[in-house]
Every structure is written in C-alpha cells, then in structure tokens.
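Encoded as structure tokens, the structure appears first; notes follow it.
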Amino acid sequence: MADGISSFWGPVTSTIECCEKNYAYSSYVAEFYNTISGLPGILLALIGLVNALRQRFEKRFSILHISNMILAIGSMLYHATLQHVQQQSDETPMVWEILLYMYILYSPDWHYRSTMPTFLFLYGAAFAAVHAYLRFGIVFKVHYVILCLLCIPRMYKYYIHTEDAAAKRIAKWYVATILVGSVCWFCDRVFCKRISQWPVNPQGHALWHVCMGFNSYFANTFLMFCRAQQRGWNPKVKYFLGVLPYVKIEKPKAQ
C-alpha cells in the first residue's frame, strides 16, 4: 500500500503489496509489521533445529527446520524492500520447502528411494531457474496450492494412524493455525480498502506470518513424532517451558 517517507530501496518492483503503509516508520523498511512478523518463525525453527540435532533425528528434519528459517528470512527481505528479486527470495523457498515436506511425507513408502529426492531436487532447481526470469503472479499461487494439496492426504493418513493424544493435539494445532492464518491473509487481501479506514490496522498479513511460523513448527513436530514411531524410537511429546511441544525419543542402543 503506497504512502510514507522516502524509500531507501527505490520504487516498488514486486508484483504484490499488502495492506500496510509503505515506509511508515523507516526509509529502510517498506512494510514494518510484515517484516518483523517473520521473527517468531525464525525462533521456532531454531528451537526445532536444536531439538533435532540434540536428539540426532535424521538429517531431513534439520534441513526442514533450516528451510523454515530461510523462508522466514526471505519473507522479511521481501517485505522490507518490496523488490522483485527479494520477492523471489520469498516465493522460491516456499516451493522448495513444500517439496521437502512431500519427500518427508511420502518417502517411507517409496519403493525406488533414489528417484524421489532426485526428481524433487531437479523440480525445485528447474522452478528456481524459470522463476528467476518469469513473474508468475496468479500462476505461482495456483502452483503452490496444488503442491500443498498433494500433502494433505498423506498428512491425514498419519493423523488417523496416530494413537497418541498429545501428538494428535499437535496436528489439530497445525490445522487451527493454518485456518486462522488463512482468514487473516484473506481479509488483508480482499478488504484492504475498508480496513485502511479503520483507526487501527489489525495487520492481517503480519498475523498470517505469525500463524504460519507456528504452523510450520507444529507440522515439523508432528512429522518428527510420526517418523520416530516408524523407526521404533518410542517418541513422547514434552513441553518446552510448559507450553511449546517437542518430541523426546529413546533410541535403541543399537542405533
């Protein structure tokens, strides 16, 4: 949304702007709230990464938490500058991240194990190369939604085969955060003109970032629990500071 003081980054070149005044607080930060709202996602991903490394989970989960951090940082750069190049640093990691989720979800039952990571890697590389030169717009959104929808059946299968009540609760929090975040995102996009006339802007897109930070953390934690069950690691859900769930495992001595 246009307005505000002079821009350090120059004219807006991104294809999307959110319902927040540009450069309202600093000439270096285009969308202040949409920028700082990425910090919770980075912190949560860091907590998940430390837990994955400390308990020696498979490398896929360390990479997943790192990808969450990269995505949050890319999003912060994009909203701070509203430049097309930085927009790609947000959108391309979104696709890479969802491809990683697809690998974690489907690889346990994939008979030709080397083909899946190879295909997903080549797909992600090809998308990044094409996206560097083309502005997809609505095509990007449709493409991303399709990739997300491909994950849902498998996520649901994991949920119905999980008997642990605490793990199921994490899955429910995952669903709740994406629903609440989507409502915030939708209202910010569709009702911007009306919201801009309110005394206080609720910053729906920033709330979407916060919700998705928690959403990614809950998704990762639930998948770590399911994978630990598959490996026979006797997973238990514990709570950091009595609030934030994480997975505690007991590997057999042979492992």
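The first residue you see is number 1, and the count goes up from there.
Cβ from N, Cα, C; glycine included.
Residue ranges 87-107, 171-191 are listed, and TrEMBL annotates 171-191 among them as transmembrane segment.
Looking at 32-50, 146-164, the range annotated in TrEMBL as transmembrane segment turns out to be 32-50. In TrEMBL, the feature transmembrane segment is placed on 206-226, out of the ranges 122-142, 206-226.
Taking the Cβ of Glu20 (Ca(2+) binding site) as centre and 10 Å as the limit, one finds 25 other Cβ atoms among all the protein chains shown. For the pair His205 (Zn(2+) binding site) and Glu20 (Ca(2+) binding site), the Cα-Cα distance reads 9 Å. Same-chain neighbours of the Zn(2+) site beyond His79, His205, His209, judged by a C-beta within 8 angstroms of the site's C-beta center, are, in sequence order, Cys18, Glu20, Glu31, Tyr33, Asn34, Thr35, Ser37, Gly38, Ser75, Ala206, Trp208.
His79 (Zn(2+) binding site) sits 10 Å from Glu20 (Ca(2+) binding site), counting Cα to Cα. Here the Cβ of His79 (Zn(2+) binding site) has 29 other Cβ atoms within 10 Å, regardless of which shown protein chain they belong to.
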